[in-house]
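Annotation source Swiss-Prot lists ATP binding site at Gly8, Arg11, Arg91, Arg138, Arg141. Among the features that Swiss-Prot reports, CTP binding site is placed at Gly8, Arg11, Arg91, Arg138, Arg141. Annotation source Swiss-Prot lists Mg(2+) binding site at Asp21, Asp23, citing sequence analysis. If you look up Swiss-Prot, you'll see 229-334 marked as domain 'HD', on the strength of sequence analysis.
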Amino acid sequence: MQIYLVGGAVRDQLLNLPIKDRDFLVVGATAKELINQGYQQVGADFPVFLHPVTQQEYALARQERKSGTGYTGFVCDFSPNVTLEQDLIRRDLTINAMAQDLTSGQIFDPFGGKTDLANRLLRHISDAFAEDPLRVLRVARFAARFHHLGFSIAEQTLELMQKMTACGELNHLTAERIWRETEKALHTESPHIYFQVLRKVNALAILFPEIDQLFGQIQSVKYHLETDRGQHTLLALQQAKLLVKQAHNPTALLWAVLCHDLGKDLISAEMLPHHYQPNVTGIQLTHQLADRLKVPTAVKELALLVNKYHTNCHKIAELDSERVLELFNQLDVWRKPQRLDDFLLACEADARARLGAEYCSYPQATLAIDYFNAANAVNVQAIIADGFKKQAIRDELNNRRINIIKQIKNAI
């Protein structure tokens, strides 16, 4: 029995990057032998074994044979006769198909992973890559993760990804797997690259048609030097990435920014850019996308609010006090003040996603916080003590909040 460190841990070690997870491969052993040594088996389809001391995961070497459509259509062989190279060849990219002997430290690299690391190249190992449609998303995610290091996708790999898209294999992916890869991609160093790659291989129109239709939609040059709405969205995503450490819910912030302009291309030209009324079409599209991918509720809710109200936030200094209070009520900031922070970050990312405005301040956020702090300080108990009852309490609370917002507005 031989044990190897495999996959991302070997790759990241060679790139001098922090190693987050360590995956171990066992060659020349059976499940029974591992169990007899104290390993605990977890999982049925792809058995993984927990080390009796470290609780780290160990997997038996395996071969795979395509038996159907989608990423689940495989027959696996876990026999002790499966070699290290036979296991590694089933992996997606050469840089993920290296193994390190735990005893000697020697690195096995049968497919040129080291060379591709040096050349900053994401390259598939063989045509068997096409057997798993999820790999289209995975490669896009790796491109997003390593873009800042200068990595690009090999032309042959891009061509194969395009063929996989064209043959309909992506239609077999479940919502859960699409969202899982996308959420990981959002938290890479360059999430916009994920969507650029998917668009380049024609997968964006299949997986994210609501996002794809933003590309080619022309914006007013007066307000957007980057006239394509899709490009503006990706610029906004880059800006959100710079702000994400301030977010209470980072995933929600990034997803909201991605969805903030959905449907805007369907608003009449006369209303742009001053369309302060809710974008009903955008709300529908944001709902549709989130529901199809089974996006978590909190993530979906912020995206809906940002899509609906971000233009109001940009013009908050021009809104009357009643509309400011209405905005706060719609955001439910009294019960969820952290949501206001993330909403404002999303609006700031949008405002800065204009060529030449990348490092501009966003005073609207400061004003919104001032309005909120003052309005939130209104004492409900004082209203009750003044004799107001039932619905009159709510009405008076709104009136006092409006008045204090008005005082701040008049003092500006």
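The backbone N, Cα and C atoms fix where each Cβ goes, and this holds for glycine too.
Cβ neighbour counts within 10 Å, taken over all protein chains shown, single out Arg11 as the most crowded of the binding-site residues Arg11, Arg138.
Annotation: Gly8 are the binding-site residues among Gly8, Arg11, Arg91, Arg138, Arg141 whose CA atoms are within 10 angstroms of the CA of Asp23 (Mg(2+) binding site). Other residues of the same chain near the CTP site, with their Cβ within 8 Å of the Cβ centroid of Gly8, Arg11, Arg91, Arg138, Arg141, are Gly7, Asp92, Leu93, Ile95, Asn96, Phe142.
Of all Cβ atoms in the shown protein chains, 17 besides its own fall within 10 Å of the Cβ of Asp23 (Mg(2+) binding site). Binding of CTP is attributed in the record to Gly8, Arg11, Arg91, Arg138, Arg141, and the widest Cα separation among these residues amounts to 15 Å. Around Asp21 (Mg(2+) binding site), a 10 Å sphere centred on its CB holds 10 further CB atoms from the protein chains shown. In this structure the C-alpha atoms belonging to Arg11 (ATP binding site) and Asp21 (Mg(2+) binding site) are separated by 11 Å. Taking CA atoms as the reference points, Arg138 (ATP binding site) and Asp21 (Mg(2+) binding site) are 17 Å apart. All chains included, 23 other C-beta atoms sit within 10 angstroms of the C-beta of Arg141 (ATP binding site).
As a summary of secondary structure, the domain 'HD' (229-334) carries 77 helix, 0 strand, 29 coil according to DSSP. In this structure, Gly8 is the one among the binding-site residues Gly8, Arg91 with the smallest number of other Cβ atoms inside 10 Å of its Cβ. Residues belonging to the domain 'HD' (229-334) score a mean pLDDT of 90 in the model. Following the DSSP three-state reduction, the secondary structure of Asp23 (Mg(2+) binding site) is strand.
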